[in-house]
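Record features (Swiss-Prot):
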| type | residues | note |
| --- | --- | --- |
| BINDING | SER8, PHE9, HIS16, GLY87, LEU88, ARG89, GLU97, PHE122, SER123, PHE124, ILE125, SER126, SER127, SER128 | ATP binding site |
| BINDING | SER8, LYS40, LEU72, ARG86 | substrate binding site |
| SITE | HIS16 | site 'Transition state stabilizer' |
Amino acid sequence: MKAVYPGSFDPITLGHVDIIKRALSIFDELVVLVTENPRKKCMFTLEERKKLIEEVLSDLSGVKVDVHHGLLVDYLKKHGIKVLVRGLRAVTDYEYELQMALANKKLYSDLETVFLIASEKFSFISSSLVKEVALYGGDVTEWVPPEVARALNEKLKEGKR
């Protein structure tokens, strides 16, 4: 069975990688779908995020990285995918994700959303936190893959925030 794990992944963190690996133990195929979130200002472009994720996940089989502009359910319907994977770090994530799952179900009745609880050691990590700490010169190497740490340093040297 194929599932999609969508997100802005700006940048991908070890928490995301943990969810991806755990989802791959459940599903035969997983599409990591890089999406635009109009409420977020991204440091990396869609294509940069896609390339970075492909580098990070290059040793995993059964995973594909794709990008999508627009409604998530349109992508799912177009590709015949009926399972959505979401990671939950806290109760506040659950409230938002439940609303999104219900809205997506209304738009695509065949869709099922599977929630994976974040591993405790990654439960506090978010892409926003990573960017903020990196911006102020903090060490984020325990929170992101090495490829991401390098890319963050390069972006910050360029003056992109």
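Each residue's number is its place along the chain shown, starting with 1.
Each residue, glycine too, has its Cβ placed from N, Cα and C.
Location within the structure of each feature annotated in Swiss-Prot.
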{"residue": "SER8", "record": "ATP binding site", "Cβ contacts under 8 Å, 6 or more apart": "VAL34, THR35, GLU36, ASN37, LYS40, CYS42, ARG49, SER127"}
{"residue": "HIS16", "record": "ATP binding site", "Cβ contacts under 8 Å, 6 or more apart": "GLY7, PHE9, GLY87"}
{"residue": "LEU72", "record": "substrate binding site", "Cβ contacts under 8 Å, 6 or more apart": "VAL4, PRO6, LEU33, THR35, LEU84, ASN104"}
{"residue": "ARG86", "record": "substrate binding site", "Cβ contacts under 8 Å, 6 or more apart": "TYR5, GLU97, MET100, ALA101, THR113, VAL114, PHE115, LEU116"}
{"residue": "LEU88", "record": "ATP binding site", "Cβ contacts under 8 Å, 6 or more apart": "TYR94, GLU97, PHE115, LEU116, ILE117, ALA118"}
{"residue": "SER123", "record": "ATP binding site", "Cβ contacts under 8 Å, 6 or more apart": "GLY15, ARG89, ALA90"}
{"residue": "ILE125", "record": "ATP binding site", "Cβ contacts under 8 Å, 6 or more apart": "THR13, LEU14, GLY15, ARG89, TRP143"}
Other C-beta atoms that fall within 10 angstroms of the C-beta of LYS40 (substrate binding site): 11
Densest Cβ neighbourhood among GLU97, SER127 (binding-site residues), 10 Å radius: SER127
Where LEU88 (ATP binding site) falls in three-state DSSP terms: strand
For SER123 (ATP binding site), the three-state class that DSSP assigns: coil
